């Protein structure tokens, strides 16, 4: 009995199969099969037609390619197309020898048509045309393309060290980021690989041209021998049939070869720009109307020479005159527009008033720049809820951290792509991403059963993979186990993450003053006794900023103020006062890191390493010896990896005297690592050392 559910599963799996992965192996198997298996004339027609279509596609792709690296698969495609032609030659030779005695249609309609129509059925003309095509392909196009690829590869390899140094210089100067530097290095490597591959791949085409001549000779003489001896044909009939079939076979293979060789020449001779080959040629050939005018005059003079085809020359002369006039008018209009715009600018410039302090734009504490397609997210009339989401983010940060972050300014940026956005904190870009208004992001949750028919993307906050899906797919994605969220939630979550990570940058003196005024309402006596009588606002701001730098909430202002009131008389150093306040806030710190766990799993320091670090501190240099510093960073990195594997918080426990020093040192490389002192965990019942950082 047929199991229909199994059949449905098979059909469904076929739909989800990525067939493009199998294209290469299928093509190779097809080529090998053609070399081994005898093919019917109709099948041979299909493959010859496919070969012609493939060559045309390759040529058009090379013409419309704007940059060489957009078609890096070309050398491999060149190899496959050459193998395909040779396999077709083998298959057609087999058919010609087996069935050639039956007539000129024995090897299929394509070969017969090329033999009859293109050369008029005259085998002498066919041989000459075939040899000319081979010479053009072998000596002119392929040899030139091969030489260009060889020289290009050599120049690119010679220039690689200089380009790498330029990238390193830009990276060190801060002109580009690590990600962009990596992309530029990959691009340089790909260019060298491409031209090196093209240098080798062009040898395939040259070999194919030589093979074409040899195959033609073998086919003619082999066909004559078979026709005369085995099939007892008359000499003139055998010459007519086998020569015609051989010429048709050679032409139907060499014309696509010539087309692909032309594509190879186009690829290696083009200069990378934002225009394709046609646009480059048109814009540069017809840029200057004077050149076209002089060409028309020369052509007109030649057309007046007796014996010349005067009408044809004069027609082209008139066409060039018209083209020259049109280009001149176009250039004149552009110059007029430029002059008018300059006059308009001068008029506006003259009308502009003198610069004043009102022209100075102060940097926004938090700014989001959005592309034009995201503007509906801010429009309440279009049901945009981004502004509400941002209000929720600010309230959430205020409730969790303990102070209200500054207002968020949203600005349209026409230079961004439509769906892009960038987030700035104090003028520095701290994050970017893409959102699609009106669509939803389906994020992998670990419970999903199958993929979705959309392009795979990564959400900008945590780098989780997912898809931007249309609204009608929302329920379907949820049923498959995906977490589906709105586009405004994606952006607001990213904003919340970045504000939390840069919270210390957002806490300025003004925020400290506002927070103090808010606390004064509930605890007036505490604030009056402490500020400015004991410590000034600058020290108070520095202490709170130190806490925020290590992601310690400052909600419990009563404890903070009482601790400062108790110790600020004898201690004025903000860093020392911060350490004292941290001990007072230890329960909040532990709860934030470990929730309500009775057992905490942390990273520890080996006693020998602690002693070496203490000696560095006592020497008064506040620096670590280079070898020790490198070893400490390596071992900390390994300890963090192990801590992540067991799913424990990234917490390092050290002596109180080392805590501030190590926290400052390790924060540069491991911002996610929290450093605690032994005085901050005195309330913990049980401590488990999961990893030890040592001296070796």
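Backbone N, Cα and C define each Cβ position, glycine as well.
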- Item | Matching range for Swiss-Prot feature annotation, transmembrane segment, among 209-229, 335-355, 356-376, 377-397 | 209-229
- Message: Which range is it, out of 163-183, 184-204, 247-267, that shows up in Swiss-Prot as transmembrane segment?
- Response: 247-267
- Mind checking which residues reach the transmembrane segment (71-91)? Cβ under 8 Å, same chain, six or more beyond either end. 24, 27-28, 31-32, 34-35, 38-39, 44, 47-48, 51, 54-55, 58, 61-62, 65, 190, 193-194, 197-198, 200-202, 204-205, 207-208, 211-212, 215, 249, 253, 256-257, 260, 263-264, 267
- Note on the structure: Across 24-44, 45-65, 209-229, 302-322, the most C-beta pairs under 8 Å with the transmembrane segment (121-141) come from 209-229
- When you check the transmembrane segment (247-267) against the transmembrane segment (209-229), do you get at least 3 Cβ pairs under 8 Å, counting only pairs 6 or more apart in sequence? yes
- Same-chain Cβ contacts of the transmembrane segment (45-65) under 8 Å, 6 or more residues past its ends? 34, 39, 71, 74, 77, 81, 84-85, 88, 91-92, 108-111, 252-253, 255-257, 259-260, 262-264, 266-267, 270, 276-278
